[in-house]
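Noted in Swiss-Prot for the protein shown:
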- Cys6, Cys9, Cys32, Cys36: Zn(2+) binding site (BINDING)
- 6-36: zinc finger (ZN_FING)
Amino acid sequence: MLARTCSFCGKTIEPGTGIMYVRKDGAILYFCSNKCKKNMIGLNRVPRYVRWTNEYHELKKMRTRS
């Protein structure tokens, strides 16, 4: 089986766990938890600005290097 990554926080999702969400346009989003799904779908939050996501930490590293 193929391990997936969460579309919001960037964590790896083990096979048989997580949530697969399909948008009306056919885009498939994978979530590791209901917390990630609620933040992205329900609250329309962007992972860049949420402190506990991998994308936020990667951008923070880039900012502190410069």
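Each residue, glycine too, has its Cβ placed from N, Cα and C.
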Give me the count of other Cβ atoms within 10 A of the Cβ belonging to Cys36 (Zn(2+) binding site).
26
Count the Cβ atoms, other than its own, that fall within 10 Å of the Cβ of Cys6 (Zn(2+) binding site), considering every protein chain shown.
22
Which value does the mean pLDDT take for the zinc finger (6-36) in this predicted structure?
96
Take the zinc finger (6-36) and count its residues per DSSP category (helix H/G/I, strand E/B, coil), listing them in that order.
3 helix, 10 strand, 18 coil
Cys32 (Zn(2+) binding site): tally of other CB atoms within 10 A of its CB:
21
For Cys9 (Zn(2+) binding site), write down the residues of its own chain that are at least 6 apart in sequence and whose Cβ falls under 8 Å from its Cβ; none is a fine answer.
Cys32, Cys36, Pro47, Trp52, Thr53, Asn54
